[in-house]
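**Student:** One structure coming up, written as structure tokens, with questions to follow.
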Amino acid sequence: MEPWVPQTQGRTTGPSRDTNRGLQSGHYRPRLHSQYSGDKYHQWQDAHKNSKSQQDLRDDHQQSHSVSRSGEWSQPVSGADYLKGSYPSHLYSRSGYGDPYQRYHTPTPRDEYAYGNYYYHGHPQLLPEERVARQGSPYIWHEDHGDQRYFGEHHREKHNGTFGANSDTQFQFTSKNPYRDSPASVSGQEQPGEFFPESEAQKQKPLLTSKSSLLQQHESGLSSSSYELSQYMTAAPEEYEPMVSAAWRPIQADDTSATVPKAPMRFYVPHVSVSFGPGGQLVCVPPNSPADGQTALVEVHSMEVLLNDFEDQEEMRAFPGPLIREDIHKVDIMTFCQQKATQCLKSETPGSRDSALLWQLLVLLCRQNGSMVGSDIAELLMQDCKKLEKYKRQPPVANLINLTDEDWPVLSSGTRDLLTGEIPPNVDTPAQIVEKFTKLLYYGRKKEALEWAMKNHLWGHALFLASKMDPRTYNWVMSGFTSTLALNDPLQTLFQLMSGRIPQAATVCGDKQWGDWRPHLAVILSNQAGDTELYQRAIVSMGDTLAGKGLVEASHFCYLMAHVPFGHYTVKTDHLALVGSSHSQEFMKFATIEAIQRTEIFEYCQMLGRPKSFIPSFQVYKLLYASRLADYGLASQALHYCEAIGAAVLSQEGSSHPVLLAELIKLAEKLKLSDPLVLERRRGDRDLEPDWLVQLRRKHKDLEQNRTGAPRDPDSTPSDIYGAGGTTDTPYPDLSGHQNYSEDSEYSSTLWSTAEQTSLTNPLAQQSFPLQRDTYSGHMGTPVPLYSVPATHLAVTSGASGSSVAVTGTPGGRVGEDMLRTHPAFGENTMTQEPLEDPDGLEVISSLQTPAAPRVPSFSEDSAASAKEDEEGSSDGADKPSHPDASQKGKLGDGKNTKSSGFGWFSWFRSKPASSVSTSGDEDSSDSSDSEESPRASSPHHASPGLSPTPPLTSPSLPGASTFSRGTGGSILQGSSNSSGIAEGMGIGGFSGTQGVSSEFYSQPGALPPPPTLQGAVPLYNPSQVPQLPTASSLNRPNRLAQRRYPTQPC
């Protein structure tokens, strides 16, 4: 019997015009054009130019698909075979899809075509489990693609259907789709929102402009990928028109450069936009398009209603916070705490008993207005300890008398037992024991009486007798008494505490073997007397022990009894940060709602007794609690918390918390309209803030101004301070003008603010002379070279004696290391040169305050004096000043020298800090002592071991000031008849070049050749380059230490 061949319904199958075409997969394939190219697109012949040839090809295609083999079942073809058999007269934007004549849906059941993770849905009547996502399944009925009936239906739909009449409108609408116009379409990415009719029922719908393409896609049940696939399988006869074909023409190479680059859209699929409002609202915007005729909706939901069933919100609603002393009654707080304690006792968890004890403590504190009485706390501790435990006596330990493990021996008298030969013990009555104790005292046997009383437990008689004896005996009797008690007996704890030591219970409590910790704390709290610090340390030790055992609530109970201050979460050494919560765990487990509420109640109890006694470190947790209230939709309560925190911050005048203040203002700014009063006072666009918020803003502004207006760091460079310099008056305007100084005195006072603090105390007014700016501007931070090139940069002329001071310095130093301060005295001409401390730690030694301008010892002389001190010990009589004021100031100068004894990088060069060497205040610079002038006169061209190895120089006189220079060696080189001067080899300078250097530097016979110019480097010390001090220059006392360190070079 022949197999049944499926026939077309109501139509005859015409013969094929071309018999050479072969069948593939149940229907014939059109023949490919000979010019096939696979480079970018499949090139086909343009069949749209000649309408007649295109009609012939359509007829040929119609007849070719009407032929089917008998006995073969028609199967759908794959994408690759479909490409090979595609009709050559049409361009396709995607490869792998068949001829446009075959892109019609059949009313019969079809298969689902898998495309990625999406499916092209076939007949809508099939269930999802019946639609198998496989092509060619033998259990699914398919319709032949080559059926002639569908081509006839195509003509009828073209003339009678509404889709053909409105094709222009449809393509005009879809071309404005933002998803199709996005750059993702260029890259080949699937675009949602493209619509073509899928079935006959959808073809009869009204115009597409009445509904959006996304809504049409949603109703058809197609996803973005399967919907794009359906475009190539849906009947679209309008695509044969030139306008429509151009809309779907692939982008050519010349069109790519002409396209304008567009930013890719963030979301390709419409979604709901959600935002949280500051007042506890949830704002939702559905993806409706008003351009498509849909209503734009904005949904506002209340977070309080949405989260009504959450446990955290219920817990926060039940709490009567914020706890402000004037706004809430303490009965409500006590009721809340009692309810919490009852809940903890019902839970029967390991820490529930201790947690309930904390809540009961808060009830007691609230009842007593925050006062803690030891007896009341002890009563609270002993509520659950109605049955006192029977503490067992410890086993006998080493006896205090014979150091054995035997118990106290009992004297006995009686007849010997005939069987055992032992004398049975005679049980004495209490009267007999006391009588014997008395008889021993009759004969003066105190020690035997004590032993008898201790053996027979007459501890009262023994302790009284021992108290009248020596302390050692009393301690022995006390130790014997306490050893008879159990270790975990609260009496043992009390007696140990009264003995002046930390009880053992404070270090071992919390164990099951030890027993309950509450009786021990109760006996400590109710018997506080004597050393309060000892009791507090014992309670804190007990809390630390309990915390180590994991009993956090119990340890915090002890900390509260010991009045331990609250700490911070980040400081793990603090004892507690929140009541009942350990800050050693992570923050979310630490800052729980219950812990914050407990701590706030404790703060409220303190404020009942002492108003405005806020906990400073707790305010940040209250702000966190207010933020949680706002998150759960309780905006009004959160705003009240902000007001309470603001009152606490404003009450703390001494402390400032800028970060907390800024975050508090931000949260209050968002929640301020939750207050009905603020909302009523609102006028137009102007918001009237509450008074406490205005005060917070003012305080925050003051803090910011204080931070920005703080004094600059002394290490700052002068270039940073030049811009802020000002001009101030100086008591020496003629000197400033005479020396051509810069008048930027604010720079000088700002740069040396630390030097003013370390200067010598002077009751007179202090005024610093400004420096000349261009003298040192190019040498900031340059290392100090070993060779010293004197440069005169400061001259101070004394009006009375005509003397002047010339200060020399080495190049390459920092700016302020040779800075001099003068303290003028009104009515007399007195100059004081104070040591100024450089930011790097170096200090400049200068002379003391004297009526006349005395000589200031240089670093070279200080080194020589240091070497003398090493040799002579403590005898420095020749160098001590004779004037009392100079002596006092010399001591101060010694302290400063000791502070900077290292002298920076050449600290190894000195044996010990040099003491300031100064002359008497009554001496003139021309009338120096013989002890100072004689060695200098004997060696005019030799320098002592010091920082500067250069010979004495002659500093050029500044205009109007006649000076003479005394070099580091000490000899006078040049002078004038009407003036005298002192040149100080400061050893540290901030000036460069050979500015102010005399020409005699290169002409004197004993001078060294000029050193090479060193830029940015510190040369090593070479003793051979430093001329040594001869033995005759040390006041007839050879400086052996200096000779041993630096031997004299042979001539």
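The backbone N, Cα and C atoms fix where each Cβ goes, and this holds for glycine too.
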**Student:** Have a look at Ser185, Ser745, Ser900, Ser918 and find the one that Swiss-Prot tags as phosphoserine.
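**Tutor:** The phosphoserine feature in Swiss-Prot corresponds to Ser185.
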**Student:** Say a student had to find the phosphoserine annotation in Swiss-Prot: which of Ser66, Ser875, Ser925 would be the correct pick?
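**Tutor:** The phosphoserine feature in Swiss-Prot corresponds to Ser875.
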**Student:** Scan Ser70, Ser352, Ser742 for the residue that Swiss-Prot records as phosphoserine.
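**Tutor:** Record lookup in Swiss-Prot returns phosphoserine for Ser70.
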**Student:** Name the residue among Ser753, Ser866, Ser901, Ser998 that Swiss-Prot annotates as phosphoserine.
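**Tutor:** Checking Swiss-Prot against Ser753, Ser866, Ser901, Ser998, the phosphoserine entry points to Ser866.
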**Student:** Write down the single range among 798-820, 821-843 that appears in Swiss-Prot as region 'Disordered'.
**Tutor:** 798-820
**Student:** Report which of Ser51, Ser874, Ser920 appears in Swiss-Prot with the annotation phosphoserine.
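**Tutor:** Comparing Ser51, Ser874, Ser920 with the record, Swiss-Prot tags Ser874 as phosphoserine.
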**Student:** Could you let me know which of Ser182, Ser289 shows up in Swiss-Prot as phosphoserine?
**Tutor:** Ser182
**Student:** Which whole-number mean pLDDT does the model give the region 'Central conserved domain (CCD)' (263-708)?
**Tutor:** 87
